[in-house]
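First up is the structure itself, then whatever we jot down about it.
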Amino acid sequence: MAQDNSSRVTEFILLGLSDRRELQLLFFTLFFLAYAMVLLGNLLIIVTVRTDPKLSSPMYFLLCNLSFIDICYTSVTAPRVLVALLSGHKAIAFEGCMAQLFFLHFVGSSEMFLLTVMAFDRYTAICRPLHYRAIMARGACWALVTACWAGGFIHSTVQTVLMLQLPFCGPNTIHSYFCDVPPIVHLACTDTALTEWLMASNSGLISLGCFLVLVASYVLILAKVRARVSQGNWKALSTCASHVMAVTLLFMPCIFTYLRPAGTLPTSKYVCVIYTIFSPMMNPLIYTLRSSEVKESMWRLWKR
């Protein structure tokens, strides 16, 4: 890193979760086990849904896409964190940092949009069952999934472009274990007030908007189930309960992290663990344990 004012930071230093070696080994073990569970659990769901014709409904099609997104999402941060914890190498190139930020928001926002689509799927199945097959046809499902990825790409592009417009001439120490907007933006060598508000409006409002849509859909589902109590409706309500658990783990930390300018409150790097590692790890457990069809298909796959 050069010393003149026209220089740019060529690398950042990720401080990680702790400087103590014994804690680093503990975090490495926990992160490795969590990442292994994310990979194995979500791959098992993908293989099960793809190989069992009985799991051809739109709900399982969307679940398969969610599992793929979870694998991509965790793989943006976890492998580098594991290498850093094991080797102690904390430096990341400026280009690599921006790339990690881009893919983190690309896949993360795509997952938020997809969870919103899954809530719409459950609402349609319960509140408009006679029109469900027509509304959630295979072509419509593909269009919705494509729209989720497109929305994530647009959001991530805006975030990354805003970051690339900022000058970074030092310091270059990031108080986190991955590159993200809140810990990086205050390192810029300029006034970032407007940029912080733009980024908070981008990421924060997406998180809050998707969460409010999800809450509204679940309220409508609860009202419908209460009016028509039956075994099928209670089964659908059980599926929605698993969705509520999954979205709460993802959205609440994201809203806390992004729906404010970066300098108003300190961002806890331990809160980030919830939506980057813990939430993708819990998704396979939540959806598998709450779905008898998936468990039966997995058992048939195992016997085969």
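Glycine is no exception: its Cβ is also placed from the backbone N, Cα and C atoms.
Pulled from TrEMBL, these are the features on record:
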type	residues	note
DOMAIN	41-287	domain 'G-protein coupled receptors family 1 profile'
TRANSMEM	25-47	transmembrane segment
TRANSMEM	59-78	transmembrane segment
TRANSMEM	98-120	transmembrane segment
TRANSMEM	140-158	transmembrane segment
TRANSMEM	204-225	transmembrane segment
TRANSMEM	237-258	transmembrane segment
TRANSMEM	270-289	transmembrane segment
Non-local residues, at least 6 beyond the ends, that sit with Cβ under 8 Å of the transmembrane segment (59-78): 31, 34-35, 38-39, 41-43, 45-46, 49-50, 100, 103-104, 107-108, 110-111, 114-115, 117-118, 121-122, 125, 138, 141, 145, 177-178, 239, 276-277, 280-281, 283-284, 287, 293-294
Average the per-residue pLDDT over the domain 'G-protein coupled receptors family 1 profile' (41-287) and send me the rounded value. 84
Region pair the transmembrane segment (270-289) / the transmembrane segment (25-47), three or more CB pairs under 8 Å: yes
Cβ under 8 Å, sequence separation of at least 6 from the ends of the transmembrane segment (140-158): give me the contacting residues as numbers and ranges. 58, 61-62, 65, 102-111, 113-114, 117, 202-203, 206
